[in-house]
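**Student:** Just dropping this structure here.
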Amino acid sequence: MTTQTFRSDFLRTLHERGYIHQCSDLERLDAKAAEGPITAYIGFDATASSLHAGHLLSIMMLRTLQRTGHNPIALMGGGTTKIGDPSGKDEARKMLTDQQIEDNIASIRKVFARFLDFGAGAKMENNASWLDELKYIPLLREVGPHFTINRMLTFDSVKLRLEREQPLTFLEFNYMILQAYDFVELNARHGCILQMGGSDQWGNIVNGMELGRRMRGADLFALTTPLLTTSSGAKMGKTAGGAVWLDADLLSPYEYWQYWRNAGDADVERFLKLFTELPLDEIARLAALEGQEINHAKEVLATEATALLHGREAAEKAKETSRATFADGALAVDLPTVEVPRATLEAGLPVAKAFVDAGLVASTSEARRQIKGGGLKVNDVTVTDEKAVIDLGALTPEGVVKLSLGKKKHVLLKPV
């Protein structure tokens with residue numbers, strides 16, 4: 001479908017801004033959304049106390065859904081988190097207590113409240129409210145006939161573990177069944193007809209769609225987004241310093257602003273479409289900037305993305321702090337520079353070793369102590385992961401990586 005043929009504002013907006021990867025029936029879903037408000041959901045694990053930038057694509061889809069007159073549901077996996085999604089994992093996830101999961105959900109709700117209006121159609125649900133109440137034999141009789149072991153073994157989350165001869169527990173094997181059941185339950189409770197998610201979740205989403213059709217005769221839809229990486233191949237939401245958290249207690253608005261300011265030139269237009277609400281003609285103007293002027297577009301990206309999460313005042317303050325710190329190219333000119341072989345960054349330089357090589361700490365053990373105390377930063381983002389590596393994706397627009405110990409000691413790594 002082209003932009004002109006969409007009848008619904010919701011899908012037209014998603015299409016124009018590059019959110020759509022795959023849909024079970026785009027034309028019929030568009031017709032439904034054009035007729036009146038629809039209800040759609042995206043599921044989120046409760047494995048951490050915050051979401052990170054890798055979740056933003058899903059959050060922005062829910063926000064777009066609400067802004068175009070529909071009803072979003074943010075489904076927290078309070079029940080499924082007790083099992084753990086085996087997708088993309090080589091081993092079983094760490095088991096969390098019920099209290100840890102509840103605390104995580106309470107914290108994550110604050111993030112959603114920045115993007116969704118829970119008083120105007122948006123809802124947050126917790127699948128523990130129905131999964132915890134299921135009885136085993138009735139579940140097997142009601143849901144079991146609709147799943148074949150043959151098909152379940154073809155899913156990547158299962159197949160990859162078995163091919164690698166890594167254990168897959170019966171607990172994890174049940175994850176896809178319970179995840180599919182969520183769609184059935186949300187359709188029954190809220191008339192929900194659409195599940196959205198990343199393209200890696202396509203099989204799980206289609207499972208739920210088919211289960212709803214078989215159990216309830218429901219007319220359901222699946223829609224996925226592209227799996228997003230930066231132009232350097234890095235995973236969204238990850239930096240050399242660790243995860244880019246959406247919680248100001250874990251990552252300051254200034255550090256969040258810096259994450260977006262450090263976007264690669266090739267990513268600017270795409271990120272402006274996906275992670276800001278600027279008009280498309282303004283985005284096209286910014287994307288056309290060249291040379292040093294592209295840095296203005298990156299500042300706009302950083303400020304608009306930060307304003308959505310932390311508010312306009314915090315975003316403007318972060319921008320001014322950055323300008324005061326790096327006015328007139330001070331970053332590239334005035335700081336001591338250590339050269340590293342480009343091949344070293346291509347292979348991935350352990351962050352602790354990088355600080356040793358830069359002369360900022362005496363040993364990797366000291367670097368690890370500093371990381372635990374929040375004393376090290378890469379490109380002005382606090383390092384939280386001792387095992388993080390610095391690669392070419394960490395290069396700033398100036399072609400360097402900035403390492404900081406505390407507030408006053410800075411060194412630039414420059415690939416040669």
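The chain as shown is numbered from 1 upward.
Every residue, even glycine, has its Cβ placed from backbone N, Cα and C.
Bear in mind that the values here come from a model prediction, so they are computed numbers and not experimental data.
Swiss-Prot lists these features:
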| type | residues | note |
| --- | --- | --- |
| BINDING | Y41, Y175, Q179 | L-tyrosine binding site |
| MOTIF | 46-55 | motif ''HIGH' region' |
| MOTIF | 235-239 | motif ''KMSKS' region' |
| BINDING | K238 | ATP binding site |
| DOMAIN | 349-416 | domain 'S4 RNA-binding' |
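How buried are these features, and what lies next to them?
**Tutor:** Cβ contacts within 10 Å of Q179 (L-tyrosine binding site), excluding its own Cβ and spanning all protein chains shown: 26.
For the motif ''HIGH' region' (46-55), same-chain residues at least 6 beyond its ends with a Cβ under 8 Å from one of its own Cβ atoms are 76-78, 81, 84, 93, 96, 101, 103-105, 107-108, 111, 228, 235-238, 243-247, 250, 259.
Averaged across the motif ''KMSKS' region' (235-239), pLDDT for the predicted model comes to 75.
If you take the C-beta of K238 (ATP binding site) and look for same-chain residues 6 or more apart in sequence within under 8 angstroms, you find H52, G54, V244. According to DSSP, K238 (ATP binding site) sits within a strand segment.
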**Student:** Which one of the binding-site residues (Y41, Y175) has its C-beta surrounded by the most other C-beta atoms within 10 angstroms?
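**Tutor:** The residue with the densest Cβ neighbourhood is Y41.
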**Student:** Kindly report the helix/strand/coil residue split of the motif ''HIGH' region' (46-55) according to DSSP, in that order.
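**Tutor:** Split by secondary structure, the motif ''HIGH' region' (46-55) comes out as 3 helix, 1 strand, 6 coil.
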**Student:** May I have the DSSP-based helix, strand and coil counts for the residues of the domain 'S4 RNA-binding' (349-416)?
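**Tutor:** So the domain 'S4 RNA-binding' (349-416) is made up of 19 helix, 21 strand, 28 coil.
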